[in-house]
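Chemist: This is the structure, below, for whatever I ask next.
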Amino acid sequence: MTRRVQYRHFLWPRPRLDAIDWLMSDASYRDAIFSTPLDRVANFSFDEKVVACFPDMIRRSVPGYGQILGMLGLIAERHLRFGAHVYDLGCSLGAVTLALAGRLPPDAFTLTGVDLSPTMVARARETLGEECPDHRIDIVEGDIRHVDYRPAGMIVLNFTLQFLPPEDRRAVIERLYAALEPGGVLVLSEKIVLPDEQENAWLVERYHDFKRANGYSDMEISQKRTALENVLVPDTLDAHHERLHEAGFTRVSTWFQYLNFASMVAFKDA
């Protein structure tokens, strides 16, 4: 029988739950990467410049990111088998892992975070080592398409799949389904596109309004969009749901959407 625990009765040294606010501790790390005119806009990459301002970039560019983080901890608290393994794929600076560690005690789970950026990995190791010294967390550099996955109770893809070539996404989801234990949960957060061109254009404009309200100029918005054009290729929600069902998931729900950003949860039958 699966052992589930009401973790709120445990006391342990917790990291700050609002991981983004904690990571963004120095105003000098404001995202200004695209604030000057560029003769040539290179493809977006998670290099040292991006890592330095990443928390601010995420907070001002991804609607609802903080709410998603908070719910990930609650989803894990509700559905994760005690002692199970967790994967944080595309872990960046470790915000998802911090959110889980803020809800679950050190003996409740083990976790592997994977990221392709060596700079992200180094920073995440430093952050999590300081904030979660008692949790069993391993951050590794690697490509999620080629990880040798061990059985896991929960897998999180938080705005990660969208950066893979579209033709590789189905195989990744199939491998993650195979790695999940019966009753395991996959959380998939993605930027999305609407199938109706007019509706999608309206949503994109409101997203640009969101960024303007958060201090980005029209030039920054335009140059960032150009940088991401061939790097981040979004899918429709229907395409995501179809892919998840075809991989074997029978329960798939979109539990969160803010403008053209959404998060889905998929369960493997027990």
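Just so you know, glycine gets a Cβ as well, placed from its N, Cα and C.
From Swiss-Prot, here are the annotated features:
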type    : residues                                                   : note
BINDING : Tyr65, Gly90, Cys91, Ser92, Asp143, Ile144, Asn158, Arg225 : S-adenosyl-L-methionine binding site
Chemist: Starting from each candidate's C-beta and looking 10 angstroms out, tell me which of the binding-site residues Cys91, Ile144 has the most other C-beta atoms.
Modeler: Cys91
Chemist: Is Asn158 (S-adenosyl-L-methionine binding site) helix, strand or coil when read with DSSP?
Modeler: strand
Chemist: When a 10 Å sphere is centred on the Cβ of Arg225 (S-adenosyl-L-methionine binding site), how many other Cβ atoms does it contain?
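Modeler: Counting Cβ neighbours of Arg225 (S-adenosyl-L-methionine binding site) within 10 Å gives 16.
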Chemist: Looking at S-adenosyl-L-methionine and its recorded binding residues Tyr65, Gly90, Cys91, Ser92, Asp143, Ile144, Asn158, Arg225, figure out the farthest C-alpha pair and report it in angstrom, whole number.
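Modeler: So the maximum pairwise Cα distance among the S-adenosyl-L-methionine binders is 25 Å.
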Chemist: Please state whether DSSP places Cys91 (S-adenosyl-L-methionine binding site) in a helix, a strand or coil.
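Modeler: The residue in question, Cys91 (S-adenosyl-L-methionine binding site), is coil (DSSP, three-state).
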Chemist: Work out the three-state DSSP category of Tyr65 (S-adenosyl-L-methionine binding site).
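Modeler: In three-state terms, Tyr65 (S-adenosyl-L-methionine binding site) counts as helix.
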Chemist: Within the chain of Ser92 (S-adenosyl-L-methionine binding site), which residues six or more apart in sequence place their C-beta under 8 angstroms from its C-beta?
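Modeler: Within the chain, Ser92 (S-adenosyl-L-methionine binding site) has Cβ neighbours under 8 Å at Phe46, Phe54, Asp115, Ser117, Met120, Ala124.
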